[in-house]
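**Q** Not my notes, these are from TrEMBL:
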type	residues	note
ACT_SITE	E62	active site, proton donor
BINDING	N49, I50, E51, N52, A53, S54, Y55	substrate binding site
BINDING	C60, C93, C96	Zn(2+) binding site
DOMAIN	8-152	domain 'CMP/dCMP-type deaminase'
Amino acid sequence: MAATVSVEDREKVIQACIEAKKYSYSPYSKFAVGAAFLAEDGQLIKGANIENASYGGTICAERTGIVKAVSEGVTRFRALAVVTNVPSSISPCGMCRQVLREFCANDMPIYLVPGDYPRPLKENERPEDGFIEGGVRLTNLGELLPDSFGPEQLELPRRQ
């Protein structure tokens, strides 16, 4: 399913996304989101959603984190955790999934953290569906964005 991350690193990235959510600027939707990336070198890079009165100017937490990381030279990641302020796991939007595809391996673990983390699994949250302790849903980019278009497609030969 996903590449492996130690339990210690998993908890670090989950706690970092919860911390990042505190800095969400979401006065319009009231939908606070925090994201945290665990970089290949062990750094934690956090992002929060930043809304704008002109809704198209809004940037999601996942893209905030990627932009921060890449602008500082960090382009390799081991894990991502995302949390909202609702008591269920919420997946990144389509635009974020495509941006993640640019920098993240398809098997990189993505932890979708419920807003009421940690908590026991609910009746409909089964381990066979990717749910792990604390109510977290473990997935990866390949599952979230199947048959994706990535940088390697730009290297394919073209007809003249």
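Placement of Cβ uses the backbone N, Cα and C atoms for every residue, glycine included.
In TrEMBL, annotation is done automatically, which means it is predicted and not curated.
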**Q** In the domain 'CMP/dCMP-type deaminase' (8-152), how many residues does DSSP assign to helix, to strand and to coil?
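**A** Grouping H, G, I as helix and E, B as strand yields 50 helix, 35 strand, 60 coil.
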**Q** From the binding-site residues N49, E51, N52, A53, S54, pick the residue whose C-alpha lies nearest to the C-alpha of C60 (Zn(2+) binding site).
**A** N49
**Q** Taking Cα atoms as reference points, rank the recorded positions E62, C93, C96 by distance from N49 (substrate binding site) and give the first.
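**A** So, spelling it out, the nearest of the recorded positions is E62.
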**Q** Take the C-alpha atoms of E62 (active site, proton donor) and C96 (Zn(2+) binding site) and report the distance between them in angstrom, rounded.
**A** 6
**Q** What mean pLDDT score does the domain 'CMP/dCMP-type deaminase' (8-152) have in the model?
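**A** On average, pLDDT over the domain 'CMP/dCMP-type deaminase' (8-152) sits at 96.
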**Q** I need the most crowded of these binding-site residues: N49, N52, S54. Count other C-beta atoms within 10 angstroms of each C-beta and give me the top one.
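**A** The residue with the most neighbouring Cβ atoms within 10 Å is N49.
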